[in-house]
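Structure first, commentary second.
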Amino acid sequence: MGSYLGIYTILVLCLLGYSANAEVFTAGGPPNSDITAAVLKAFTSACQAPAPSQVLIPKGDFKLGETVMTGPCKSPIEFTLQGNVKTDGGSTQGKDRWVVFEKINGFKLNGGGTFDGEGNAAWKANNCHKTFECKKLPISVRFDFVDNAEIKDVTSLDAKNFHFNVISGKNMTFDNIKIIAPAESPNTDGIHLGRCEGVKILNTKIATGDDCISVGDGMKNLLIEKVVCGPGHGISVGSLGRYGWEQDVTDITVKNCTLEGTSNGLRIKTWPSAACTTTAAGIHFEDIILNKVSNPILIDQEYCPWNQCNKNKPSTIKLVDITFRNIRGTSENKDAVKLLCSKGHPCENVEIGDINIEYTGPDGPPTFECTNVTPKLVGAQNPKACVGPVVKAPGKE
């Protein structure tokens, strides 16, 4: 039986933060039915409403094909996902997206429901973690040019590619998000962000097969707080420098987070032989708990996946004003701290304050390595901090 669309008006002051009288556009159907058309119709009606409105997917299990919801809308809009939506297995094949919200100012996504990407079959055929020349898979949920938004109390399960991708947004908050995929699921970044300003990621649990959070170029004023990450590849700034059109990264704060069993911890990564010259400045990691984390603190300015770069040409990305404060816990390998900076642009003003990282493996005590950086030391450091030599690039005075 086909899906249906119900439209009715109710008082939703407690549910909506926008208005005491809001029109609610419901998109539902029989169990396991395809509600794609109903969702698009509901969103179109809500987007044209003269007052704040709500799109509601009720409790239940539904199928959802490629769904692109585009503004601008006449008034703020709330998208409430109470049910569980799964990919339909057809309309997203060969596409790079599943659910898209774009060009919306004044937006809420909530409801306690789940976006189920059903990625298990796709992961087996995915080789994007081995080569850049691979077939792209759909990102589960994209936010493109979305401003003044709150995304809260939703789950992303088993994404085929990234769980959430956030591009060119302003004043967005992610709160109490759950992201779930197996550790072996390739390219399933939890939240990837680029060219946004004023984003907060709070009280969120991420277990996935790639970076829990990855910060791309052009990010400004990002706060990541009270996030639990693991399994996964840690919290990363970068990679930066692969493309010539990239922009500076400024004011990134990661605080009061816990990393558990991740293959990397707190990481900044830039490409050698970079295609641009940009700056990443004001990056602060503080009050972090580590539990069996490999490579807990890592600056890698020789990041070169798929061997698609020339490591003989140093990275042209400048890293300035970087701090690691009150980082404590256990490492799964002896490389507790590794600061591998560019010989073309040595890291500037890197501060290491009060770190205590323990390792008890058979290959010796934990190490603290520095290349092309002389960090400022504050408080105590375990392992004992290096005072790294600065190696000048050829032709530099």
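Just so you know, glycine gets a Cβ as well, placed from its N, Cα and C.
Fair warning: this is a prediction, and the values are worked out from it, not measured in the lab.
Annotation source Swiss-Prot lists active site, proton donor at D210, citing similarity to another entry. Secondary structure at D210 (active site, proton donor), taken from DSSP and collapsed to helix, strand or coil, is coil.
Annotation for H233 (active site): same-chain Cβ neighbours under 8 Å, separated by at least 6 residues, are G209, D210, D211, C212, T262, S263, N264, R267. Taken from Swiss-Prot, the feature active site covers H233.
For C212-C229 (among others), the entry in Swiss-Prot reads disulfide bond, with the evidence type similarity to another entry.
DSSP assigns C347 (disulfide bond) to coil in the three-state reduction, outside any helix or strand. Taking a C-beta cut-off of under 8 angstroms and a sequence separation of 6 or more, C347 (disulfide bond) has the following same-chain neighbours: I299, Q301, L319, V320, I322, L339, C341, N372, V373. As annotated by Swiss-Prot, disulfide bond applies to C341-C347 (among others).
DSSP gives C370 (disulfide bond) a strand state. The disulfide bond annotation in Swiss-Prot covers C370-C386 (among others).
Per Swiss-Prot, N-linked glycosylation site is recorded for N171 (among others), and the stated evidence type is sequence analysis. Around the Cβ of N171 (N-linked glycosylation site), the number of neighbouring Cβ atoms within 10 Å comes to 16. Secondary structure at N171 (N-linked glycosylation site), taken from DSSP and collapsed to helix, strand or coil, is strand.
Annotated N-linked glycosylation site per Swiss-Prot: N256 (among others), in sequence order. Under DSSP, N256 (N-linked glycosylation site) is assigned to a strand (E or B) in the three-state scheme.
Feature annotation from Swiss-Prot assigns repeat 'PbH1 1' to 169-195; the stated evidence is sequence analysis. Remote same-chain partners of the repeat 'PbH1 1' (169-195), defined as residues 6 or more beyond its termini with a Cβ less than 8 Å from a stretch Cβ, comprise 119, 123, 126-129, 137, 143-163, 201-219, 222, 229, 231-232, 247, 261.
The annotation repeat 'PbH1 2' is assigned in Swiss-Prot to 196-217. Long-range neighbours of the repeat 'PbH1 2' (196-217) within the same chain, counting only residues 6 or more positions beyond its ends whose Cβ lies under 8 Å from a Cβ of the stretch, are 123, 129, 159, 163, 166-190, 223-238, 240, 243, 246-249, 252, 259, 262, 278.
Swiss-Prot lists 219-239 with the feature repeat 'PbH1 3'. Same-chain residues lying 6+ beyond the ends of the repeat 'PbH1 3' (219-239) with a Cβ under 8 Å from its Cβ atoms: 182-183, 190, 193-213, 249-271, 280, 283, 291, 293, 295, 303, 305.
Residues 183, 212, 215, 217-241, 278-301, 303, 315, 317, 319, 322, 324, 327, 329, 332, 342 of the same chain sit 6 or more residues outside the repeat 'PbH1 4' (249-270) yet have a Cβ under 8 Å from a Cβ within it. Here Swiss-Prot flags 249-270 as repeat 'PbH1 4'.
Sequence annotations record features per position, and here Swiss-Prot assigns signal peptide to 1-22.
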Rounded to the nearest Å - Cα separation of C229 (disulfide bond) and N256 (N-linked glycosylation site): 12
Whole-number Å value for how far N256 (N-linked glycosylation site) lies from C370 (disulfide bond) (Cα to Cα): 25
Helix, strand and coil counts within the repeat 'PbH1 3' (219-239) (DSSP): 0 helix, 15 strand, 6 coil
C386 (disulfide bond) in three-state DSSP notation: coil
